[in-house]
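K.L.:
Dropping a structure here in structure tokens format, bear with me for questions.
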């Protein structure tokens, strides 16, 4: 028998509170004001760590999931938006159960699976803070880039908690089955379940059947922002009589997120981006998504010619660099982050069009360079205080769109999403600016509008005032011509070399000198082949009248230079010889 629970968020004024989940904030409607942490009978050490993290009240998901898992020993399937406390809903009971069982000897007690290395790092950091007073419990993050020798050494110590991606864990188990014993595991948590399936981890999850005590002495947590039919396979495989908890917060998200789309030509994407960021039309931080790595560098090289600083996040960069970029973005070091969303999510629910359209893209991926298959930015990564999500390139599926725009309007804050859509008649007219996936933009937009309307969201068309924008076109064209394929290739090589050096050679130094880490920046100019410094200044005549400088405050500017100054420059005379003019005093 399954236990279903529908949870409604509070309809109250928005307040935000520190969250131990990610050191971010939790909106007040997600808090359960009637619950207290003491009601869960947590270990004093764990309770003290929770309070030290600044979380005074459990969230609705936590107040329902934690008692069911600790007292009733139920498997948990939870559906709730990002920022509602899902990470704490499974990590707190996992640690509590380990403490309750006692630690007479070290054994692997819990396995936490996440889809990306970035999310694995976030979960590791959070659990590390929960264990601040529980030094006897150890954890290991297998998703980091460490050698097999180091992994074997760490696993031989039998850490109580293992955090990993499914593929990394199965690889380690197959290579070192004699060292890693998972028969003692009592808790299994799978975070971002729907993304696990989209990333193709189903085969790896099936392999875990041979190593985990499935349905014998295993308590399972399946956590996701969306729960659909695809989750049924995992539910049947890992769960026994699960309690299903759903947080109905669509109305709250609808009030906070404003969505727009703008139909534009392929080159005008760059023109609009120049105007938006150079004139600071968006207040706050922006997360811009492109569909491949080259597009990200082309946009960065284009914008930096106008003095617009930004950094890039893609699968080519070392893991340590990616994690540092996310941390610095969350600390407001950068206001613009260009992220390459290279994942292609294709499911039966998207329909035949999605499957047909995505086949060529998949084949191209296989022929391309090897990239990190466990990289992901559109989902799961904790981007904080994002004011705007800019879909510079429209995603290939409506589900990918939902994941992208979910990076803003979080934790009770308002947000805006703007998507550039290329009409079919405009595709291919500007070869250099062409995005291969643009030919599907109209179809994808129709599916996005349809899926969003089902959930009560509206995507409004946005029309740029071209009379204000046209004046910037010739400058944009000049800058765009400087961004050649050779310039992009050189920029990728230069950036990769810099980041590898930062990631590998300086890793140990920064561990010993964390204060010096702040000096490491990722938004340095890469420079195209042709540098045009004059483009960094916007002439006054290009600005709207409201933004122009008042002529009365400029003062008098003569047409000719002052003649006095000219004459002074020409004057000079003969220099006095000090030896000839020297007179001895009598």
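Quick reminder: no glycine exception, Cβ is built from N, Cα and C everywhere.
Found this in Swiss-Prot, in case it helps:
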- 80, 81, 82, 83, 84, 85, 86, 87: ATP binding site (BINDING)
- 344-356: compositional bias 'Acidic residues' (COMPBIAS)
- 562-573: compositional bias 'Basic residues' (COMPBIAS)
- 67-245: domain 'Helicase ATP-binding' (DOMAIN)
- 274-467: domain 'Helicase C-terminal' (DOMAIN)
- 344-372: region 'Disordered' (REGION)
- 562-586: region 'Disordered' (REGION)
- 35-63: motif 'Q motif' (MOTIF)
- 191-194: motif 'DEAD box' (MOTIF)
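Map these features onto the structure and tell me what's around them.
P.N.:
There are 26 other CB atoms within 10 A of the CB of residue 83 (ATP binding site), with all protein chains counted.
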K.L.:
On a count of neighbouring CB atoms within 10 A, which of the binding-site residues 81, 82, 84, 87 is highest?
P.N.:
84
K.L.:
Around residue 85 (ATP binding site), how many other C-beta atoms are within 10 angstroms of its C-beta?
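P.N.:
Residue 85 (ATP binding site) is surrounded by 26 other Cβ atoms within 10 Å.
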K.L.:
What does DSSP call residue 86 (ATP binding site) in the simple three-state scheme?
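P.N.:
DSSP call for residue 86 (ATP binding site): helix.
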K.L.:
Mind checking how the motif 'DEAD box' (191-194) divides into helix, strand and coil residues in DSSP?
P.N.:
2 helix, 1 strand, 1 coil
K.L.:
By a simple count, how many Cβ atoms lie within 10 Å of the Cβ of residue 80 (ATP binding site), its own Cβ left out?
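P.N.:
The Cβ of residue 80 (ATP binding site) has 27 Cβ neighbours within 10 Å.
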K.L.:
Including all protein chains shown, what's the count of other C-beta atoms within 10 A of the C-beta of residue 86 (ATP binding site)?
P.N.:
28
